[in-house]
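Novice: To start, I am sharing the structure in question, which I have written as structure tokens.
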Amino acid sequence: MPPGRLPVRMFQAWPTGTRPWGCPRTRWRDCCLLSAAFFGALGSSFLYGYNLSVVNAPAKDIKAFYNLTWLSRYGEPAAAETLTLLWSVTVSIFAIGGLVGALVVSYLIKVLGRKGTLLANNSLAVIAALLLALGEKARSFEMLIIGRFIIGMDSGISLSALPMYLGEISPREWRGSIGQVNAVFICLGVFTGQLLGLPEIFGHVSVWNFLFVFLAVPALLQLCTLPFLPESPRFLLMERRDEARAEKAFKVFLGKTDVSAELEEVHAESRAQNTLQMASALELFRNRAVRWQTITVIVTMACYQLCGLNAIWYYTNGIFEAAGFNKATIPYITLSTGGIETLAAVASGLVIERIGRKPLLIFGFSAMAVCFTLLTIFLHFQDSFSWMPYLSFISILAVIASFCSGPGGIPFVLTGELFEQSYRPAAFMVAGVVNWLSNFAVGLLFPFIQNALQTYAFMVFVVVCVLGAVYLLIVLPETKNKTFVEISQSFSKINKISQMPDKEMEDVFPMDYTLCNYTSVSTSVLPNIITQVYFNSCNSLFSLM
């Protein structure tokens with residue numbers, strides 16, 4: 001070829017089925033899906049995780065600021081009780097804000113859509129960042145308290161809107177892995193808060209407010225990227241009745257030109273539902289067709305918070321001090337826990353579509369029960385052997401890894417999978433309320449439990465983990481690689497409703513529903529007669545309520 005000449009093929013049109021630079025449609029699909037997951041989680045679940053850990057490092061400096069502000073206003077230092085109260089309100093009001101956000105999210109996603117809610121929610125993060133960062137300059141601890149409440153609202157909204165958005169845009173063979181991005185970014189947020197809070201970075205008296213300036217960065221990045229990605233195609237088709245935009249969104253996220261099967265699947269789901277009206281939380285509890293789905297979400301989300309991991313995050317320093325570690329090394333030891341949490345969440349996201357949701361959840365809660373038991377033993381004998389604190393530290397790392405292997409993210413995935421379109425917003429609202437109330441309860445009650453039970457305090461969490469694992473073993477069907485309608489059909493037997501599909505459903509999902517008894521839904525090893533008696537008893541109890 002003569003010098004300076006380029007191959008003719010470089011100027012030819014792009015082959016059918018490719019994007020610019022030779023990127024195949026499957027890679028283009030992966031790029032769009034991963035971009036939606038990455039930037040959606042960056043401005044949502046990442047901020048939630050960051051706010052769980054960010055206040056730990058500057059706690060002493062913030063209390064000193066509160067005391068100085070009180071002195072400048074009233075001419076005398078704040079009483080110890082007043083200072084403790086102000087700090088407790090600052091920490092706990094985050095959960096109250098999250099509860100408020102969870103209560104309003106079903107209305108927001110109905111009006112603004114899934115993506116629209118995530119975008120609008122960034123305004124709360126920016127406002128909170130300004131209040132928290134400028135509170136010291138303004139000599140106003142009220143600004144910090146209000147800022148914590150607003151960022152709590154931001155987290156309450158995003159922890160419902162993001163899993164719903166990711167679940168609805170993902171192909172069913174990717175739904176679990178994409179959904180686990182939510183958990184991975186929560187862990188990354190916790191780790192980042194711990195890292196930036198080190199004394200060598202922002203964890204000292206002169207620059208602690210920069211920890212809160214950082215809140216605006218992920219929110220602004222999401223605002224710059226998410227508008228270029230489509231809204232949830234299921235939302236567009238079933239709630240907005242905009243088939244053209246829904247088809248376009250499916251093409252973008254699935255990376256193919258023919259999406260007629262996906263559109264028909266959504267139409268079939270619409271026809272299978274009793275009503276296209278969005279159900280309220282009250283209707284969710286009244287409707288027998290979703291009774292056990294609702295109970296399962298409540299139990300799973302309660303166990304997510306009450307299994308004990310939040311107690312470790314809230315009181316990490318005290319636990320490590322009780323285990324015998326030097327105070328100067330505790331920030332760096334805590335940083336290692338955030339790293340382990342992130343690695344375990346990533347590993348879970350990689351295997352969830354192979355192993356399934358149910359085995360990972362049961363393994364996670366069971367392993368946590370074992371590790372908490374070992375931690376209790378090691379703490380009890382920590383004064384007897386000099387090397388016992390290291391075993392306590394290993395047990396804490398094992399608890400964290402067990403949590404992130406399944407219970408740390410799958411409850412959010414399940415909430416989106418167990419319900420069809422008209423019930424999903426109400427289900428996320430109920431899950432959010434349970435999540436934040438349980439979060440608040442752990443933060444409030446664990447110090448009293450610890451004072452009363454001493455080294456046996458973690459046995460309370462052993463009971464919660466065991467009960468959660470047993471419930472999931474008996475009740476939860478595997479949802480891996482199933483459509484939303486197929487998952488709903490899995491609960492027909494235990495909800496005691498007719499499961500015979502109409503002709504339209506048979507055309508879209510050909511399967512023998514007459515064989516869909518409970519033994520095909522559950523992987524329980526209990527005898528089938530015991531399982532059936534269990535469900536009959538529970539349904540009889542609910543019929544009396």
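Here the Cβ of each residue, glycine as well, is placed from N, Cα and C on the backbone.
Per TrEMBL, transmembrane segment is recorded for 31-50, 85-109, 116-134, 146-166, 178-196, 208-229, 295-315, 330-352, 359-381, 387-414, 426-449, 455-476. The domain 'Major facilitator superfamily (MFS) profile' feature in TrEMBL is assigned to 37-480.
Are these features on the surface or tucked inside, and what touches them?
Specialist: Counting residues 6+ beyond its ends, the transmembrane segment (31-50) has Cβ neighbours under 8 Å at 23, 118, 121-122, 125, 151, 154-155, 158-159, 161-162, 165-166, 169-170, 174, 178, 181-193, 214-215, 218-219, 221-223, 225-226, 229, 252-253, 255 in the same chain.
Sequence-distant contacts of the transmembrane segment (85-109) (same chain, six or more residues past either end, CB-CB distance under 8 Å): 51, 55, 59, 62-63, 66, 78, 117, 120, 141, 144-145, 148-161, 164, 235, 278, 281, 425-426, 428-429, 431-433, 435-437, 439-440, 443-444.
Below 8 angstroms of C-beta separation, residues 40, 43-44, 47, 105, 108-109, 143-144, 146-148, 150-151, 153-154, 157-158, 161-162, 165, 209-210, 212-216, 218-220, 222-223, 226-227, 231 of the same chain, each at least six residues beyond the ends of the transmembrane segment (116-134), sit close to that stretch.
Within the chain, the transmembrane segment (146-166) has long-range Cβ neighbours (under 8 A, six or more residues past its boundaries) at 36-37, 40-41, 43-45, 47-48, 51, 55, 90-91, 93-106, 108-109, 114-115, 117-118, 121, 124-125, 127-132, 135, 178-179, 181-182, 212, 215, 232, 412-413, 415-416, 424-425, 428-429, 431-432, 435-436.
With a threshold of 8 Å between CB atoms, the same-chain residues lying at least 6 positions outside the transmembrane segment (178-196) that come near it are 33, 37-38, 41-42, 44-54, 56-57, 159, 162-163, 166-167, 169-170, 202-203, 211, 214, 313, 331, 334-335, 337-339, 341-342, 344-346, 348-349, 352, 404, 408-410, 412-413, 416.
If one looks beyond the transmembrane segment (295-315) by at least 6 residues along the same chain, the residues whose Cβ comes under 8 Å of a Cβ in the stretch are 52-53, 190, 337, 361, 365, 368, 372, 396, 399-400, 403, 407-408, 410-411, 414-415, 418, 427, 430-431, 434-435, 438-439, 441-443, 446-447, 450, 458, 460-461, 464-465, 467-468, 471-472, 475-476.
Long-range Cβ contacts of the transmembrane segment (387-414) within its own chain (Cβ-Cβ under 8 Å, at least 6 residues beyond either end) map to 159, 163, 167, 175-176, 179-180, 182-184, 186-187, 296-297, 300-301, 303-304, 307-309, 312, 319-320, 323-325, 333, 336-337, 340-345, 347-349, 352, 357, 360-365, 367-368, 371-372, 374-375, 378-379, 381, 431, 468, 476, 479.
The list of residues near the transmembrane segment (426-449) in space but at least 6 beyond its ends in sequence, with Cβ under 8 angstroms from a Cβ of it, reads 91-92, 95-96, 98-99, 101-103, 105-106, 109, 156, 159-161, 163-164, 278-281, 283-284, 290, 293-294, 297-298, 301-302, 304-306, 308, 310-311, 314-315, 411-412, 415-416, 418-419, 457, 460.
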Novice: For the transmembrane segment (455-476), could you work out the same-chain residues 6 or more beyond its ends whose Cβ comes under 8 Å from its Cβ atoms?
Specialist: 292, 295-296, 299-300, 303, 306-308, 311, 357-358, 361-362, 365-366, 368-369, 372-373, 375-376, 379-380, 407, 414, 446, 449, 494, 522-526, 531, 534
